[in-house]
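Engineer: Found this in TrEMBL, in case it helps:
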ACT_SITE  HIS184  active site
ACT_SITE  GLU289  active site
BINDING   ARG73, GLN97, ARG102  substrate binding site
COMPBIAS  8-23  compositional bias 'Polar residues'
REGION    1-26  region 'Disordered'
Amino acid sequence: MDRPNKPSAISPSGTGPQPSVHSEQGRVIASLPTGDSVEVLLYGATVTSWKANGRENIWVSDAAKLDGSKPVRGGVPIVFPCFGPPPKNHATSALPQHGFARNSTWVYLGKSSSESGKLASGGDDSVKLDFGLTSSELSEDAKKAWGYDFSLVYSVTLARDGLQTMLNVQNKGEKALEFQMLLHTYFRIDDISKVAINGLGSATYIDKVLNATEHQQSTPSLQITGEVDRVYSAIKQDTTSITQDGKPRLDVTRDGISDSVVWNPWIEKAKSMGDFEPKDGYKKMVCVEVGAVAGWTKLEAGETFEGGMIVKSHA
């Protein structure tokens, strides 16, 4: 896929001490010689932890269900093939909110790495984990609700100070399909009152808090001072950054997609969610989610789509 301004991919590497990868209790855990690590739950292929420089970058609710009984509250749930409640009279209309990817059990396809450079200590500095989900692995209910033949491959690359997550969608059937996708990332921050989100200035967004009305952001930075649920579309700038106390905290770069959602439930919404704990946890998290959700992406028979993000963590 030829994309203008495509960000450089994080390339796995491989000399010196190797990354450690192991599976246990329905999850895959990878760590680098630096101590950076990522943890992926096979249920939903949900990233539940990403540590860089000794700091956890992903927020997960204390009451999150990690046993496969419901989608994880926190982490990086994969939204596919519909975002939010599916519209009536659409191919996804019989699906639950946010589709089935986040509450299906994915298959771990293995790890890969190749030489790309050494750390100062001479160690290996990245590893890629692949997870797969096909139509044959769906629950019977999901198959009935969305009867397309498809293949998803979700690649999670852990690198020094960085994490890349890419979703590859292939239409393996004989009829065209339409979908939306979103990586619903919950980032852990120290204090929401000291956070600013940059890179969305002049972008158009749908404000779900204000009855799904359309607005244009007039300020270069967004501060969170109440419930926020905004869907930004066709963002011209590839990177949305999170600063804390005016200092860089996380850079989120979209790859192959141009929409983002910014979400924080704030006080009342957090209280209303049974699996959101602690109830003041909204002070310690913010969702900056990349995706293709402003419309529908159409894939003809045999066609492939790929999109995701590269996140850089600043110490």
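Yeah, the Cβs are placed from backbone N, Cα and C, and that goes for glycine too.
Let's see these features in context: how buried, what's close, how far.
Structural biologist: Of all Cβ atoms in the shown protein chains, 22 besides its own fall within 10 Å of the Cβ of HIS184 (active site).
Of all Cβ atoms in the protein chains displayed, 25 besides its own lie within 10 Å of the Cβ of GLU289 (active site).
On its own chain, GLN97 (substrate binding site) has CYS82, GLY84, PRO85, PRO86 as residues at least 6 apart in sequence with a Cβ closer than 8 Å to its own Cβ.
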Engineer: I'm trying to understand the geometry here, so how far is the Cα atom of GLU289 (active site) from the Cα atom of ARG102 (substrate binding site), in Å to the nearest whole number?
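Structural biologist: If we compare the Cα positions of GLU289 (active site) and ARG102 (substrate binding site), the gap is 14 Å.
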Engineer: Beyond ARG73, GLN97, ARG102, what residues of that chain have CB atoms within 8 A of the centre of the substrate site's CB atoms?
Structural biologist: LYS70, PRO71, VAL72, PRO77, VAL79, HIS98, ASN103, HIS184
Engineer: Please give me the CB contact count at 10 A for ARG102 (substrate binding site), counting all chains in the structure.
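Structural biologist: A 10 Å sphere around the Cβ of ARG102 (substrate binding site) contains 23 other Cβ atoms.
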Engineer: Cα of HIS184 (active site) to Cα of ARG102 (substrate binding site): how many Å, rounded?
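Structural biologist: Given the Cα positions, HIS184 (active site) is 10 Å from ARG102 (substrate binding site).
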Engineer: Would you work out the biggest C-alpha to C-alpha distance among ARG73, GLN97, ARG102, the residues that bind substrate according to the record, and give it in angstrom as a whole number?
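Structural biologist: If we measure all Cα pairs in ARG73, GLN97, ARG102, the largest is 14 Å.
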